[in-house]
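Participant: Here it is: the structure, laid out below.
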Amino acid sequence: MCGIVGFGEEHHEPAAARHTLQAMAALIRHRGPDGEGLYADDRAALGHRRLSIIDLEGGGQPMFNEDGSLVVVFNGEIYNYRELARQLSAAGHVFATRSDTEVLLHGWEQWGKALPGKLRGMFAFVLWDRNTGTMFGARDVFGIKPLYYYRRGELLLFASEIKALLAHPGFVKQFNEARLPDYLSMEYLPGDETLFTGVYELLPAHSFTWQAGKLRVERYAALRFAEKRDRTLAEWAEAIDAAFTDSVAAHRIADVEVGCFLSGGVDSSLVACKAARQQEKLRCFSVGYAEEDYSELPVARQAAEALGVPCTETTVGAEEFFAANRAIQWYLDEPMPNPAEVPLYFLCRTARQQVKVVLSGEGADELFGGYPLYCQAVHAEAWQQLPRGVRRLLARCAPGCGFLRRGALPRWRRSARANYVFADPAERDRYLNRDVGAPSPARRCKPYFDAVQGLDEATAVQWVDLQTWLPRDILRKADRMSMAHSLELRVPFLDRAVWAQARALPRPLRCTRRKTKVALRAAAACSLPSEISGRKKRGFPVPLADWLRQDKYYQMVREKFTGPVASRFFDTTALCDLLEAHRAGKVKGMTKIWSFYCFILWYELYFTGPFPPDL
């Protein structure tokens, strides 16, 4: 795990380019404190910050091929690099290191643009081919590792984090205000745009090619569900168990110690169980709160005892929670109001004191049907089978049963109402002090549902989550909070062999009207006690709603709601009314309040104060 930066332009002075590279790389030093490497010629410059995990002595970057005509910078891990190295060696390529990075160099020479499709792992890399004047970059299929780019004329910038782009003298910093309503509605921006004008996220399973000042972005793979009904539940459980056991073994490849996050739920417990069987003295890490109703620590202790592994606990209080949020928004690059990022930040800090790599359970819900929303989709689809007139009659006869009315909506509208902070754009726009003409969140998600019209509703919602929620929230949070503490976080559920099983599962073996992750729980039951394999999802519960009613934190938020940034973008009276109504218990306003508050903190960090800020 590392951080990469760089740029290409038709002509520049190499010495000046190296100076710029150093400034860019310095802003992401937290991603790689073990070393820095720079390369610059008259057309391209590539920089790297290293967190050494594999081949500690020989894996430095940028890395070159034998004649120096090809150079690469790479962030991530390639878990099948040994297999690929054997194939490439058989084809005549000579390896000088034991690093997975070198596979990218020889793989490009052998396979060209087909290279990303052969990789098993999490990755974002950029290659510069001096002979052809081609810069090529790619990102893994799930979007585990980030990559951003910015284009201005013939200049192309790229980096693992947006903040590094800001150090280039050719970068023009401008807030993308037109997308502010989307952030408020959805907590993230769907698609490849960011809140910085001109900065784009290279989407998962995409690559880019830059040559002669021209940029081309292409998809190299697609995630598609393709159900098979040729196995029993027991056979599916056995196949999932085998694939996941192999994935955990692959994700444990490292020349440093590997630990595990453990919440006590089925996903993290299964990861820890497999890892504990494959290595001695596995260290696990859990996080919780002093408020017992919100803390995962009791169930994490239960899981650790059942697995026979030691578990280091971290407790987060309100004071720490609020104090850390400013730094957290800095590391995230774009505002993110998911409160679960805060306990994850502290969990990563604790883990880094003992290990350099951790395994975590992200991705299991999206692959295997773990969210209650998917069960609701099964209900809705059954409701859709009734004639429209019958549905309308039942809805009129059952006042207060909102699910009946929602069941009559198109699936893309129903998903937006269930998922988003502001499903109603009129409600959202009441807080804005000017109209920027943004479409409704339902309209933003409609193209995703249009792409999978042939799927049942629960599977369609899963697929949309794989394209949006997973990379833009779950994985961004995991990457930034771990990298803030120079910790590599690996996600063995998001593996191509595991996905091959998940994509083929019949929908009833993913979710039913009442059950989630049916087949995965069956697989877990072979290894875990029933009280763990059957445990309902809790995620990272946070007592934020209660804290916002305490005067100290109420005043802290209110100060931001009446400050200059709030005045610039929002109706401050409406913000304060929302905050007061939440404190009085009249509304449940936590999610909306936190969305506004995190945006204000982020905007202050990136647009109003000194850069970089003093954290």
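Backbone N, Cα and C atoms are what each Cβ position is placed from, and that goes for glycine too.
Curation does not apply to TrEMBL; its annotations are automatic.
Per TrEMBL, the features are:
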ACT_SITE  CYS2  active site, for GATase activity
BINDING   ASP100  L-glutamine binding site
BINDING   VAL287, SER360, GLY361  ATP binding site
DOMAIN    2-213  domain 'Glutamine amidotransferase type-2'
SITE      GLU362  site 'Important for beta-aspartyl-AMP intermediate formation'
Participant: Taking the mean position of the Cβ atoms of VAL287, SER360, GLY361 as the ATP site, which residues outside that list, in the same chain, have a Cβ no more than 8 Å away, listed in sequence order?
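Facilitator: So the additional residues around the site are CYS260, PHE261, LEU262, SER263, SER268, PHE285, LEU344, LEU347, VAL358, GLU362.
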Participant: Taking only the recorded positions CYS2, ASP100, VAL287, which one has a CA atom nearest to the CA atom of GLU362 (site 'Important for beta-aspartyl-AMP intermediate formation')?
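Facilitator: Spatially nearest to GLU362 (site 'Important for beta-aspartyl-AMP intermediate formation') by Cα position is VAL287.
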Participant: So what pLDDT does the domain 'Glutamine amidotransferase type-2' (2-213) average out to?
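Facilitator: It averages 96.
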Participant: Across all chains shown, how many C-beta atoms besides its own are within 10 angstroms of the C-beta of the residue listed as 'active site, for GATase activity'?
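Facilitator: For the residue listed as 'active site, for GATase activity', the 10 Å Cβ neighbour count is 28.
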Participant: Cα-Cα, whole number of Å: the residue listed as 'L-glutamine binding site' versus GLY361 (ATP binding site)?
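Facilitator: The Cα atom of the residue listed as 'L-glutamine binding site' is 24 Å away from the Cα atom of GLY361 (ATP binding site).
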Participant: If you measure from the C-alpha of CYS2 (active site, for GATase activity), which of the binding-site residues VAL287, SER360, GLY361 fall inside 10 Å?
Facilitator: none
Participant: Who sits close to SER360 (ATP binding site): which same-chain residues at least 6 apart have their Cβ under 8 Å from its Cβ?
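Facilitator: Correct list: CYS260, PHE261, SER268, VAL271, ALA478, LEU489, ARG490, VAL491.
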Participant: Tell me whether the residue listed as 'active site, for GATase activity' sits in a helix, a strand or coil according to DSSP.
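Facilitator: The residue listed as 'active site, for GATase activity' sits in a strand per DSSP.
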Participant: Measure from the Cβ of GLY361 (ATP binding site) and count the other Cβ atoms within 10 Å, all protein chains considered.
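Facilitator: So the Cβ neighbour count for GLY361 (ATP binding site) comes to 22.
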Participant: Please give the greatest C-alpha separation between any two of the ATP-binding residues VAL287, SER360, GLY361, in angstrom, as a whole number.
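Facilitator: Between the outermost Cα atoms of VAL287, SER360, GLY361, the distance is 14 Å.
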